Amino acid sequence: MAVHTSQSVAKAAGDDVARGRSRGTGKSAPPSKLRRALSVHWYAWTMVAPVVLVIGVIIGYPLVRGIWLSLTDADERNVARSIGVNKMPATYEFVGLDNYADALTGNQFLGTLGWTLVWTVSCVTITFCLGMALANILNRRIAGRSAYRMALILPWAIPGFVSVFAWRFLYNENNGLLNKILGGAGIDGIPWLNDPAWAKFSVIAVNVWLGVPFMMVALLGGLQSIPSEQYEAAEMDGATAWQRFRHVTLPGLRPVSTTVVLLSTIWTFNMFPVIFLLTRGGPGEATQILVTQAYKFSFEISPRDFAQSSTWGVLILVLLMLFAMVYRRVLRTQGDNW
Amino acid sequence: MTTATATPARHSARKVRKRGERSPAASLALHLTLIVTSVIAVFPVLWVLLTSLKPAKYASTTSFFKETTFENYTNLIKDTEFLSWFANSVIVAGLSTVIGVFVSATTGYAVSRFRFPGKRGLMWTLLVTQMFPVAVLIVPIYNIMSTMGLLNQPAGLVITYLTISVPFCAWMMKGFFDTIPREIDESGQVDGLTPFGTFWRLILPLAKPGLAVTAFYSFITAWGEVAYASAFMVGDENLTLAGGLQKFVNQYGAQWGPMTAASVLIAIPAALVFLFAQKHLVTGMSAGAVKG
């Protein structure tokens, strides 16, 4: 439908299009820079407009508001609210960076951050290694390959909350299947979700289970884009299987791996549903990661502490942005460009 | 058209086939690994299915079959608003998918083909939006939705889900479009197509695998989202499946009977979409996620 409405208009801009595309913006004559930019780039801007608009409104405003709240002492008792017909105006006050100082000097934030890092690093590492191994196996000629592939991708196709409930069912201390099996073998039941150490193990296991399919599919795609000539050449030169993996497969997968590792680090760091639905951060606060704790501040404790919650949210964002920047910087010095 | 993109993959697979011969022991080890991992992947889901077929009172027994019955399903459909939750979810996920695919395709194409001021910023923004913790956005988004009168409306959820799925999908589509030769665009322009015409008539048909992955991802995201869904939709008949399922857990402890039955019914559409998309999944991701 876009075709008909835009045809005549776009033709006029057609010339500039080609130029603008091949050589960027040839900004030489400034008479009306904006208009020129508009005539060159208007369709590119049109194409990205919906995204920019939606993201601007739905993400931009909450972000600005979150940053503002983190600089105040807003909680449930002093934000604007209506009780019956009475509207109470907001009475919270600007407190500068106090919230940040509190968070960064207190034990709670740093403790939670520590576990969040352990959680993220172990989940991403294990998921990546498993995904890599499975992708390599599935990339070979092997009987029943597509059946295996379907089975292995299945956890991705099932909505996350369903699989998390399934796991809770299996983990159940008294009636869960896992403990029944252990009991059958004469081993005492394990308090999967009720002991701090086991709970940490269990949430990581579930997240790995959920994350492997994405990793595997992405890496499998990457493997298939490595030209087979490279393997043949390596084999001609007498490279062993390990050497071929090390010097052909890994470098060939580099573009894929860097992207999926970045994405899955970000996703895991903020993996709300797994922790929330499995343990709600418990037992105690053992499995609480930064996001679930931030959620807890604004929804579960009383009085709800919006300022604290926003502060943690902003800190999460800052940490992830720092990570992404360092990550890209490291990659760039190693010769990747973005 | 699609075959053109799929050929390299098949080509390499055939080459691999010609080369490595494996010892029977190696084959056995590979199969064993795959079988064990497949079982781990499938079992939790399968167990839910088996449990849903047992009478509720046996839900926590370990036998695989016990008095197989469909009563959990019939009760679920008779006693709860399950069907309206289901309909709500279909509307929300369907709209999110269609709009999400379209929007991320145009964005991905613009970013892949044109240099324009703000492109780098846009790419970073798309990445950064992945970093926002839901927990922090949820209250302000709730306020926006209530100001715009979109609470309890499918549209409110659709817009919210777009902010989750589109950034990743646009990245993926960008990577995918990067693999389609620019000469195709140029030939289109030579033949007098507008940039939009080129995109719509030439590039989109070539990008089917990428679109399939995008659709899969948007659908799964919208279908399985819990936090926003349970915050924005209230009232029994307005819930989506994710919100509805919470009821079985929170109100009376866990009611495994209806819960497992509901889980199975929820998983079916997702699995169908997955079946439809899976043959494209590898090709689509290979070009897409990958080049990012």
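Every residue gets a Cβ built from N, Cα and C, even glycine.
All TrEMBL annotations are machine predictions without curation.
Now, the feature entries from TrEMBL:
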{"type": "DOMAIN", "residues": "A:113-327", "note": "domain 'ABC transmembrane type-1'"}
{"type": "REGION", "residues": "A:1-32", "note": "region 'Disordered'"}
{"type": "TRANSMEM", "residues": "A:42-64", "note": "transmembrane segment"}
{"type": "TRANSMEM", "residues": "A:117-138", "note": "transmembrane segment"}
{"type": "TRANSMEM", "residues": "A:150-170", "note": "transmembrane segment"}
{"type": "TRANSMEM", "residues": "A:201-223", "note": "transmembrane segment"}
{"type": "TRANSMEM", "residues": "A:256-278", "note": "transmembrane segment"}
{"type": "TRANSMEM", "residues": "A:306-327", "note": "transmembrane segment"}
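The transmembrane segment (A:256-278) makes no contact with the transmembrane segment (A:42-64): fewer than 3 of their CB pairs lie within 8 A, with pairs spaced 6 or more apart in sequence. Distant neighbours of the transmembrane segment (A:117-138): 145, 148-149, 152, 200, 203-204, 207-208, 211-212, 214-220, 222-223, 245, 249, 253, 257, 260-261, 264-265, 268-269, 271, 287, 289; these residues of the same chain sit at least 6 beyond its ends, with a Cβ under 8 Å from one of its Cβ atoms.
Sequence-distant contacts of the transmembrane segment (A:201-223) (same chain, six or more residues past either end, CB-CB distance under 8 Å): 119, 122-123, 126-128, 130-132, 134-136, 138-139, 149, 152-156, 160, 163-164, 167, 171, 192-193, 249, 252-253, 255-257, 259-260, 264, 267-268, 271, 274-275, 278-279, 287.
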